[in-house]
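Listed features, source Swiss-Prot:
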COILED    87-157  coiled coil
COMPBIAS  120-135  compositional bias 'Basic and acidic residues'
COMPBIAS  136-145  compositional bias 'Low complexity'
COMPBIAS  146-157  compositional bias 'Basic and acidic residues'
DOMAIN    4-95  domain 'HIG1'
TRANSMEM  31-51  transmembrane segment
TRANSMEM  67-87  transmembrane segment
Amino acid sequence: MSYLPTSSEADKDLDEMTFSEKMVFHCKREPLVPAGVLMTTGAILLAIKNVRSGNRRNAQKWFRWRVGLQTGTLVALIAGSFFYGSAKHEQLSKEEQLRQKAKMREQLWIQELERRDLEVRRRKQRAEEARKKAAEMQSELSGLEQELRELEESRRK
């Protein structure tokens, strides 16, 4: 079963890692590849040992094993590249979704600010209209009071 790197390992940029950290990172990410390399190396060493001892049959057997193990290693490498390539694509897609979500939040915030601004302008307009109406009523009241005084004076006379 493959081991997926933790978020702290994934966050660390490969350019910032040392050689040994990169080796450990990639071995954890694709454990079948180093296992295939080790088994292929073992098959080559056994084939060389059998060639030196003159045992052609076993040497041929181990060379065949080497070819099979190399093929398995390449398949694991390609499968891992495909898997992590699609995972990287998904991560980019998630980043794009996060950008779109942030943009949508920004648009909603702008709309909310515009709505509040419009509401404030309407309140100011209503307040101004109320002041004008109050001023009109005050002037009308003053006019009526003046008329009432005139009527009272004319009545007294």
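Note: Cβ is positioned from N, Cα and C throughout, glycine not excepted.
Residues of the same chain that lie 6+ residues outside the compositional bias 'Basic and acidic residues' (120-135) never bring a C-beta to less than 8 angstroms of a C-beta in it. Taken as a whole, the domain 'HIG1' (4-95) shows an average pLDDT of 84 in this prediction. Under DSSP, the residues of the compositional bias 'Basic and acidic residues' (120-135) split into helix, strand and coil as follows: 16 helix, 0 strand, 0 coil.
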